[in-house]
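Novice: So TrEMBL has the following annotated:
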DOMAIN    14-420  domain 'Kinesin motor'
BINDING   G110, V111, T112, N113, A114, G115, K116, T117  ATP binding site
COILED    517-551  coiled coil
Amino acid sequence: VSGEGYPSDSEPQTMSVYLRVRPFSKEEVNSCEDQECVVIENDQTVTLNAPKGSATMKSSEKGVGLSIHKFSFTQIFGPDTTQIKLFEETVQSQMSDFLNGNNALIFSYGVTNAGKTYTIQGSPKDPGILPRVLDATFHHIRGHQYDSMDIKPHLRNDAQFLTSEQVKQEKSIKAAVFASCKESDTLSVSLRSRSSSFMVADSTVKVDGGQFALWVAFFEIYNECVYDLLQPALCSKSKKRAVLRVCDDGAGNAYVKDLRWINIMNLSEANKILQYGNKNRSAAATKMNQCSSRSHSIFTMKLLKIDNDAVKGISEFSLCDLAGSERCNKTKTFGERLKEAANINNSLLILGKCIMALRNNQADRSKSCIPFRESKLTKLFQSFFCGKGKASMIVNINQCASTYDETLHVMKFSAVAKQVVQVILEKPVLLSPCLFGRDGKPLVRPGTDSLAMEGYLSEDELLDEEDEADMSVMPQDELLSLVENLKSKLLAERRKNLVQEMEIRKEMGDAMMQQIMESEELRSREMEELKESYQEKLENTFEMYKEAIKEHAYQSAMRNLEDDYVSLDEFTAEQEKVEGLKICHTWNRTSTYDFVLTEERCKRLYKEKSALETMCESKQQVFEYNLHIFLFKSSLSLLNYCFPADHSKSLEDVLLQNIEKDKEIEMLKEQLEKSLKSSPVQLRPKRGLLANIKDAVTSPRNSSSARTLRKTVRAFTSLRMFLA
Ligand SMILES: Nc1ncnc2c1ncn2[C@@H]1O[C@H](COP(=O)(O)OP(=O)(O)OP(=O)(O)O)[C@@H](O)[C@H]1O
């Protein structure tokens, strides 16, 4: 990382962050996970489109945040990318660094089921980066292998000479590990042909006549505890796996104390080590009811360059398969699971914090503290972020709509990582390995100041906050001061833990709160939809009833009109007759002939006329009554429908009034019938009701019958309007 004291020729470069998008599985296609959430624009740009129902889409609908996000990467590998292409285009430069004595780190990051393990380890038929790195390494050192097994990696960057007894021990450990593994040649066969393209391209690696020894270790970090995956699995359920400590080598480099390192000679042995470690990992996971993706697994290779029984250089290549980055609110975690999620989140959170702090330190020169020591993972990776090796990240994502929000979170994290600038230091002489003798004491090289070497402590003497000193041999006052010292350390540690716990609690609290709010919002939306559907149903029913009442009212009105109306033709004919008689009467008065006879006839006709007029009036009254009754009845039905309880009393009153009106009508009808019987006028057969109404309304004559009909039509229209 850029900073004072680095050589001026060290080229700053941003951390390489690659993206690999895995293809859909058949099940995912069947369950409609493909909603075009991930669109690869070109080799370096990808667009993420939030699917319907995702939290991102909901936030964008509320105007908080966007539904489309664009990200750029060092290189993007689509679903069709082969393992060999990925290896050649991502690992090539780091592979050369490693073979030339520099350190390298690759870590895969992503949610569960995004393809991290597939990318790092692959399958026996299609090996991932790790077997290919091993294969390329063996290809490189072939014919130059140091096979005595008596020089072993020590602490973080150093080496130790082993006694013959120790070599025997190493050999028996290796034999025990291999004894439980099956021979598998398929991997090496499939790799041989495929990684040849890398070998051809690899012309920068120098062998310089020395010899090489490759030592490997495989461990995992679960719940902030380091476990060796190359230790034999425990048979008894009650026995706990040994937790290894992360210590400081005295030069500020963290290393895993008592970690098993195994010297391997070929790819077949490397494959057995991988098999053994993976078996141990899944056995431990099953025993603890844990899912393997809940731990970070780290495979480390150390390449020792040996010349004339002296170690000239040590380089390290670590490949880390990080735990799934999903947040605790999605994993429905309780108890142990919650602790597990909190620890995963914590280490990934601290990794994120470190990356963020590195980026910020580059942006503004006021250097803030980078919290590497807050988690085991970042403690072990610290040197890579401080110029002692090149780190690169492979971000794995799936394209599933259901995990979109988590994928977006991963992409945001990667966007920050991509801005981290690394300044890789040329390995200075001081960083070349310190050698330890067979007694565990540092070896004095010719030309090295022996006083300077006295500063080195053996592994057991190294001061580390996690190490315990042997107190039984110490004088009392030293013990007391040690106790004081430890007390203040404990206090500081407790404070640090408290702050850390508060941060985790806050993050988890926030996540839970967000989940509660999301489910609350979902529930209220469902309630709203339910309310709307009921409202709609109610309105439909109401409309249905209204239509039925209208229909009923119309039918009743029609029936009443048919029953009680006198044909207009008939009425007009009668009137014309009366008019004619009037004229005749006037004409007859001037004539003397047959005067008496005409007068009598006139009287009779007048009588008939007045009878007819009475009849008409009665009929009109009957019609009007019927119309009023009908209107009352309709209003009543409507009121009863709308206000069933509150108006029952007033409705009863109206009904009583109606009954009285009905009686009145009956009486009037009887009178009318009587008058009709007494009337000598014979009624002509009725014409169609509607034709009568039409005639009356369109008639130019302003006769009383026409007026009556027009009034009726108006009443009928207002009734229809009232009902509508
Ligand atoms: N590029 C790919 N091509 C074909 N299949 C793939 C690819 N990447 C992943 N897969 C398949 O997808 C599934 C999930 O992959 P993998 O186990 O590597 O995910 P992961 O991210 O490591 O999950 P976890 O965090 O749970 O360990 C596996 O069945 C794997 O074979």
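Keep in mind that glycine also has a Cβ here, set from the backbone N, Cα and C atoms.
Since we're looking at a predicted model, the values are computed, not measured.
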Novice: Of V111, N113, T117, listed as binding-site residues, which ones have a Cβ less than 6 Å away from ligand 1?
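Specialist: Passing the 6 Å Cβ check against ligand 1: N113, T117.
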Novice: DSSP on G115 (ATP binding site), three-state: which is it?
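Specialist: Coil, per DSSP.
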Novice: Could you tell me which of these binding-site residues, G110, G115, has the greatest number of Cβ atoms within 10 Å of its own Cβ?
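Specialist: Top count of Cβ atoms within 10 Å goes to G110.
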Novice: Inside 10 Å of the Cβ of A114 (ATP binding site), count up the other Cβ atoms and send me the figure.
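Specialist: Result for A114 (ATP binding site): 28 neighbouring Cβ atoms inside 10 Å.
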Novice: Would you mind pulling the DSSP three-state label for G110 (ATP binding site)?
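Specialist: Going by the DSSP assignment, G110 (ATP binding site) falls within a strand, counted as strand.
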